[in-house]
Amino acid sequence: MTADMFSGAIFINQALGLNIYLAVILLLSITALYTVTGGLAAVIYTDTLQTIIMVVGSFILMGYAFNEVGGYENFQTRYMEAIPTLTGVNISESCYTPRPDSFHIFRDAVTGDLPWPGLVFGLTVQATWYWCTDQVIVQRCLSAKNLSHVKAGCILCGYLKLLPMFLMVFPGMISRILYPDEVACVEPEECLRYCGASVGCTNIAYPKLVVDLMPNGLRGLMLSVMMASLMSSLTSIFNSASTLFTMDIYTKIRSSSSEKELMIAGRVFILVLIGVSIAWIPVVQSAQSGQLFDYIQSITSYLTPPIAATFMLAIFCKRVNEPGVFYGLTIGLAIGLTRMISEFAYGTGSCVTPTNCPEIICGVHYLYFSIILFCISCLLIVSISLMTKPIDDKHLHRLCWQLRNSTEERVDLELDNWKEDQEPTYVDIDDKREPTEEPGCCKKAVLSFCGLEKSTAPKLSAEEQAELQRQLTDTSEKPMWRNVVNANAIILLCVCVFLHGFYG
């Protein structure tokens, strides 16, 4: 979330020259406005609209960028010559010259900035966590009409994920060609003057291209595109974090909460989250040599492998149980936090001023660390599960891969406690009081604005509730649409393999 806020602040800073924190407050004010008032529905509708704007605007910028450097062939040649004017006497040449493997995805396993084993296996661990367990993604899948819609949405997302290489990475590299002294600066004083960060200014590459290259009308379009993108991410995080807090934490503290109380608690939690994120911005600004992408991936590498391990084993290994998962998650997260805190304490440094963090702690590339932590977490979960009591099959029907097609009735573990925890009794405070007069216009407007107005939805009968539950849990698909989405999944896989081979 902090990274998203920082990204948006960079755009506002480049376009309007505002202070980075003032830019963050402006961004958050607009974003929080329609998240608090609209909830998940507003987030999904705005995401859909903003996706179209983002893709169209990014294609236009890509065309302008390639036209500026004379096409793809000239782009490759000129990028390797993009060197800043001020390089300093004591600065190594490798700090300011483009890498020889700049146009390759798979880079040396030892000397590469993104080593290929880490790219293939380490990023797979992170991708498993994000695309399969992250609340932002899962919440969208659960809101789909049926299973075919879920699959189709994921495949469309996969097609869109093919575009950033051409719409973002290449234009960002062209920005270095056009503005080498700013984007590729290495002198700390110069970098501080250009972007406010002494460790490097690569983060301004894309916004610099937008602000300086495009004509007025298109510049406004592209700024709105990027702000839409960042606001889309922020609204998703706001909504998902609020849901997790209210349903998984707050209801445990106050099991008799009213719906109105839960709504207010969720919105207050969003405000707390915003405050913490703003305070974290200086860390993001100076982490990983000022490269925002590396910061995001490194934090993910330290914290998410235990979650990915838990998810994978819970699906494919029915012998896994709660004690194994609990201790595997706890120990795995403790190991990851040790690396993360050490890196923050010593600093990640830069090419010009390397960090003094001990080699045994920070010497392993973060993608390799992700693989190691994933393996340790898997080993802990499986070992502890094998030493403790297994879960009976009657509790696992349709919850794991081996029993996915089972038609037997599933008995929930600790049914009474499960019902108490998962279905807290919501007490509507208004029902306990004497009827009160209708609120005034101002109060009505405020309650409506914040989504706190009293619901007037009719109460469902037992039969209607049972039918609704059946529809929500129905995973059947129409054969034609199942074949369509499966065929598209195979096509997408083939395209991905081709692109990795072409740019490998």
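Placement of Cβ uses the backbone N, Cα and C atoms for every residue, glycine included.
Caution: TrEMBL annotation is automatic and unverified by curators.
The feature transmembrane segment is assigned by TrEMBL to 20-45 (among others).
Residues or ranges marked as transmembrane segment by TrEMBL: 51-70 (among others).
As annotated by TrEMBL, transmembrane segment applies to 152-174 (among others).
Annotated transmembrane segment per TrEMBL: 221-241 (among others), in sequence order.
Annotated transmembrane segment per TrEMBL: 262-283 (among others), in sequence order.
The transmembrane segment annotation in TrEMBL covers 295-317 (among others). Within the same chain, residues 3, 122-123, 125-126, 128-130, 132-133, 284, 287-288, 325, 328-329, 332-333, 336-337, 339-340, 343, 348, 366-367, 369-371, 373-374, 377-378, 381-382, 385, 400-401 sit at least 6 positions outside the transmembrane segment (295-317) and bring their C-beta atoms closer than 8 Å to a C-beta of that stretch.
The transmembrane segment annotation in TrEMBL covers 324-346 (among others).
Residues annotated as transmembrane segment in TrEMBL: 366-388 (among others). Using a Cβ-Cβ cut-off under 8 Å and counting only residues 6 or more beyond its ends in the same chain, the transmembrane segment (366-388) has close neighbours at 114-115, 117-119, 121-123, 125-126, 294, 297-298, 300-302, 304-306, 308-310, 312-313, 317, 319-321, 323-325, 327-329, 331-332, 335-336, 339.
Within the same chain, residues 103-106, 148, 151-152, 155, 158-159, 162, 165 sit at least 6 positions outside the transmembrane segment (484-503) and bring their C-beta atoms closer than 8 Å to a C-beta of that stretch. Marked as transmembrane segment by TrEMBL: 484-503 (among others).
Cβ atoms under 8 Å from those of the transmembrane segment (324-346) belong to residues 283, 287, 298-299, 301-303, 305-307, 309-310, 313-314, 355-358, 361-362, 369, 373, 376-378, 380-386, 388 of the same chain, restricted to positions at least 6 beyond its ends. Within its own chain, the transmembrane segment (51-70) is flanked in space by residues 78, 160, 163, 166-168, 170-171, 174-175, 177-178, 209-210, 213-214, 218, 221-222, 224-226, 228-229, 232, which lie at least six positions past its ends and keep a Cβ under 8 Å from the stretch.
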